[in-house]
Amino acid sequence: MFTGVRSVLSRSGRRIGLLVAPFLVFAALAAWALSSPVGSSPDDDFHLTSIWCATGNSEYCAPSGDPGTRLVPPAVADPACFAYDADKSAGCQNRIDFTAGATEETERGNFAGGYPVVYYGTMSLFVGPDVHASVLVMRLINITLFVGLGVALYLLLPVNRRQILVWQWALTTVPLGLFVLSSNNPSAWALMGIGYGWLALLGFYEAYGRKRIGLGVVFLLTAVMASGSRSDATIFFVLAVFAAAILAFQSTRRYWLSSLLPVAGFVICALLFRSSRSVDVVTGGLDEQLTLGVLIPRIAYNLTEVPSIWTGIFGQSWGLGWLDTSMPAIVWASGLAALIGAGFVAARAGSVRKFIVVALGALALAVIPVTLLVLAGKDVGEDFQPRYLLPLVVVFTGAVFFTTARQTITFSRPQVWLVVIALSGANFVALHLNIRRYVTGIDALNADLDAGRQWWWQLIVTPNITWVVGSIAFGLALAILLPRQRETIPLTAELPAPVAAVNSPV
Amino acid sequence: MRPGSQQMSSARSGETRRFGRFRLIFLAPFFALIALTAWAFASPMGASPDDDYHLVSIWCSTGDEAYCQPGSVEKSRFVPEAVLESPCYAFFDNRSAECQEQLDFTTDELVETARGNFVGAYPPVYYSVMSVFVGDNILVSVMLMRLFNILLFVGITTALYVLLPIQRRPALVWGWLITTMPLGLFLIASNNPSGWAIAGVGTAWLALLGYYETTGRGKTIALGALFTLAVFMAAGSRGDSALYVAGAIGVVWVLTFERSRQFVVRSALPAAMLAVSAVFFLMSRQVSSGISGFSGGSNAQTIGTQAADNLENLAGFGLLAYNLLNVPSLWVGVFGGWSLGWIDTSMPAVVTLLALAVFIGIGFAGLSVLNARKAFVVAGVGFVLWALPTYVLTQGGDKVGEQVQPRYILPLIVLLGGLLVLQAGRKRFTLGRVQSVVVVLALSGANLVALHMNMRRYITGNDVPGWNLNAGAEWFWSGAPAPMVVWAVGSAAFAGLVVILAREMSISAALVPEIDSSEETKLSAFR
């Protein structure tokens, strides 16, 4: 029915669409960056202080005399006056002097080296006298990195892997992923480092020619990003590397030689992991005897409840921000339904290696949080947050979309468009509520975000514009990218001629 | 014998051949009976929502003075105390059903209550049929009713499986399997009229579809009879499902409409049934049904106050937006997102995720098979599922979480589930091997956990942890096997049922070569 329309739009139209897509993704994430104030992501007081103190500039971070504390600008030390109370807008920040020097003493910061230093060190390049501007620039830098790496992989990966690249991010990032990626939180780097890293490695194993160099560089960069941001991300990165290595496994000389690259990645991880001295803080609160009688019921309980951490990435029972911005059912139901529906269709393309990776992935998604919680004497809902697990969910979803060279994953047009609508709709609602929560507090439900606002950036762009433009950009980006990857692009179409000839009789 | 089954049996091993024409699918009804019976034993008398009201109504439908006598006012009756007080544990999930021991199940003494269907708030059919089983032993009566309901459901579904055109079987099998975990299983095996509402609506549309599509005279009559029975079950149990079953008739008309004499002639039956459901609907609720049909129990007196609230809240954008955005929580409630029983038996996240995943996964895969009519009815039912609760709640000044419960919309979810996997045109809905395995594991696992959690809640209360249900049991049906036996056998039977049905679905899909050639080449790529 639509073939006529499509042929009119033709190649040039779709090519323009592809050129525009990165900018649309950037715009969508930038809207999320604007949607929340300084200090909105979890523990941002800690992270911002750590960034300011990574400058080594006493104008921004001065010693206090006490080795456990530092002096930083008040807007950095204690910006989250709104945290934990969703009815309280970010208007309370008006009382903070955003231009003050390093005057406030704080003990919340990476002074003892609990976190790796690469993220803080990089972000500290963008610290300036204006806290607002610095924070926004850092967020935009993170977004640029995400979009840049995505574009690079889209161009470098073997064509049949583009489907994984696009779908794994689309299905897992509304709303928590979008919030984290456009925040000042090191989780942003953990997320993109792991989510991109495993794909870069998969591509490195599978690609031929000069693209391999590019993929190798991207992989090493993501290794630095992941293990340079959070110590748990180092562990997840290693797991993700194994996922790629299993999926690409071949008992050939080429494979084993290629495996030197992940080994180099491990070395980076090990160096950065060692440099941060955090042998899990989570296990700190242990005070009771661990007998089997205590352990078994606790393990059983946590195993039956652990899916709530997974679905938390869609906003179910877990809020955004300081876990205080809860999402309505439509947001998490749409995100979850899109992931399960598309994943179920993708599961049809089965193979032994995919089965192994997906099974081990599911096991890891359950066992890692349960183990940490049980050891800490906690239950699901405490301590272990969905954002810690999100990078692994991205890799898991990507693995579900894995196809062998002769398989394809095909969605019908109604299916793709349903996913586009569901995710755009969820983003539309989630972005609105996230802005609402900070401009007036969540209690003032009203379609107009500009009305009676108590907080916003010193920008021409108003909350309403941010919301509308961000939602449209996100919707358009999905509408361009997902239908293009409705069907796995066959590999043979792009292989260099001699290789294609070798492969075709198979 | 169909040509297909001939090929099949020759392909099977020598061992199976010795049994002649025995096929695993023959076991499915028995496994279904066992699995549902385990659910019937998993909860005590009075466990389903508003059971005090429903049991009193049943006892008073006997017309026997020994069981129910007129009260001091028109809206009250005298009934045995145990019938009224059996849900003594309701709302407190740490309290086991042990509290029933304080009730006298044998006395002739009657107590007065206003909780019952005395002003015709509910249609009378369900209560009248159930009243046949009322006897001197209250607990035996209650269990007999549950077993009858299970038998009725399994009987009707088995009959449909046999009678329906073969390409409609996936809609029957998947329609039920993907929508009833865990709330549907709980209700079908309960004393609640919601069980009939679900079974009735879920059966009626498929029976009617088969009735239109079948050519043989005998099968047409049989399917028409099943359809009629299902309409009476749905419309005779709850006012709102009288409305749903009328909608289901409309859905089938959209799916089957054609300009032919045969269509017009056959439409006489559904038209008559439309009138029947209209009568039940009007009889039970009069005009205010849109609102009060959803508020359980007998709160005819609250309608006035609701109407007053309406005026205040009609302009409430916040309320409308809140309800619109949160209605999906009611859908998810069907899959364990809301608690079972008196909304006091919470299901762990793993049950909800698995049950929901099966529904979404299969439903979404079903969308790959689509034509204009199917797309229209799926969108239509989806719209009603969203708009109806939003409207009813906002009208009543309520938020999602109040008044409207997932079980009220479950019949529509069952309808939607069947529609999603419906064959459209020549394209069939099939599952790959990996997909089938995932579905079997997910459903069996969810049932295993859900049944355990449900039994735990009544046997000791949720304050006692541990996997062994026999240990320290404070309550269980006397004369029944030990709780662990019920749990294990019920779970195994359900797992067996799912395995058999999933296997049968893929076998029959492979036997009927109705997939067009382009799709066949794609499918072969997946193997």
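Positions of Cβ are set from backbone N, Cα and C atoms, glycine also.
Please treat TrEMBL annotations as automatic predictions, because they have not gone through curation.
What TrEMBL records for this protein:
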type	residues	note
TRANSMEM	A:136-157	transmembrane segment
TRANSMEM	A:164-181	transmembrane segment
TRANSMEM	A:187-205	transmembrane segment
TRANSMEM	A:212-227	transmembrane segment
TRANSMEM	A:233-249	transmembrane segment
TRANSMEM	A:256-273	transmembrane segment
TRANSMEM	A:329-348	transmembrane segment
TRANSMEM	A:355-376	transmembrane segment
TRANSMEM	A:388-404	transmembrane segment
TRANSMEM	A:416-435	transmembrane segment
TRANSMEM	A:455-482	transmembrane segment
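Listed as Cβ neighbours of the transmembrane segment (A:388-404) (distance under 8 Å, sequence separation of 6 or more from its ends, same chain) are residues 160, 163-165, 167-169, 171-173, 176-177, 180, 187, 190-191, 193-195, 198-199, 226, 232-233, 236, 239-240, 243, 247, 309-310, 313, 339, 343, 346-347, 349, 351, 353-354, 357-358, 361-362, 364-365, 368-369, 488. Of the candidate ranges A:164-181, A:233-249, A:329-348, A:164-181 contributes the most Cβ pairs within a distance under 8 Å of the transmembrane segment (A:455-482). Here the transmembrane segment (A:187-205) does not lie next to the transmembrane segment (A:355-376) in space: the count of CB pairs under 8 Å, restricted to residues six or more apart, is fewer than 3.
At the 8 Å Cβ threshold, with sequence separation of at least 6, the transmembrane segment (A:136-157) lacks contact with the transmembrane segment (A:416-435), having fewer than 3 such pairs. In summary, the transmembrane segment (A:164-181) does not lie against the transmembrane segment (A:233-249): fewer than three C-beta pairs, each 6 or more positions apart in sequence, are under 8 Å.
The listed stretches are A:212-227, A:233-249, A:416-435; of these, A:416-435 has the most Cβ pairs under 8 Å to the transmembrane segment (A:329-348). Listed by sequence, the residues of this chain that lie at least six past the ends of the transmembrane segment (A:212-227) yet keep a Cβ under 8 A from its Cβ atoms are 116, 118-119, 145, 149, 152-153, 156-157, 189-190, 192-194, 196-197, 200-201, 203-204, 233-234, 236-237, 261-262, 264-265, 268-269, 272-273, 391.
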